[in-house]
Amino acid sequence: MLRKGEVLKLGIVPYMEGKEIQLKAFERVKKGETDGILILLQHPPVYTIGVSGGFDENILVPLEELMKKAELYKVERGGKITFHGPGQIVAYPIFNLAKWQKDVHLFAYKLEETIIKLLEEYGIKAGRKPKYTGVWVGDEKICAIGIAVRRWITWHGIAFNVNTDLSYFGLINACGITEFGVTSMQKLGINEDIEKVKEKMVDKFSEVFGIHFNEITLDRLAVIDNAKA
């Protein structure tokens, strides 16, 4: 069955404004107006800490120093601390799992599969790592996953490093992981325009999740007038 969804492509959006956009999309999906909304954007530099916590042991510099570099928020997603910033595509799939399968682990698996297939387009062999979430190239993570689910509707999502400034990750144990590092498409020798990567990502979401997307604008959600597409 081909589901019907919407995709919203934005530029750089402050983290809390992005959260408000997610919540508006969530309400639209909850009302049954669409099977799912995929939001693609970037954030200004920001660290977020999920419900698994690990605040003290995973910040490697004094808190004041960290907050000079980027904002810091505690959020509702799973997982520990991670970084978002320009050059990283953050994808928020607001999907009604009742239209697919009420299985959060399968949903996370499909998110990983989406990015694995995306990287195949660029000749990058990526995969999963036992005991860890996300998508990996060797021993380095290129895409982090942190989701939340309410009434079988998903929010939060994935963070995929295209040409991100990876030095921000040096101030934290990203996702609470100490033994492995992070990477990006740029670090792997692929210099691609981030908007082109977004387009391919939409295609892979459509393929993996069996959903056809119609593109919408912020006006459709009637939120945040100053966020520019």
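Keep in mind that glycine also has a Cβ here, set from the backbone N, Cα and C atoms.
Keep in mind that what you see is a predicted model, and the values were worked out from it rather than measured.
Annotation comment: TrEMBL describes 32-213 as domain 'BPL/LPL catalytic'.
Look at TrEMBL and you will find R77, G78, G79, K80, I81, T82, F83, H84, A144, I145, G146, G157, I158, A159 tagged as substrate binding site. When Cβ atoms from all protein chains are considered, those within 10 Å of I81 (substrate binding site) total 25, not counting its own. DSSP classifies I81 (substrate binding site) as strand under the three-state reduction.
TrEMBL lists K141 with the feature site 'Lowers pKa of active site Cys'. The DSSP secondary structure for K141 (site 'Lowers pKa of active site Cys') is strand. The number of other Cβ atoms within 10 Å of the Cβ belonging to K141 (site 'Lowers pKa of active site Cys'), over all protein chains shown, comes to 26.
Residues annotated as active site, acyl-thioester intermediate in TrEMBL: C175.
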Counting every protein chain present, what is the number of Cβ atoms, excluding its own, within 10 Å of the Cβ of A144 (substrate binding site)? 25
What is the number of other Cβ atoms found within 10 Å of the Cβ of G79 (substrate binding site)? 23
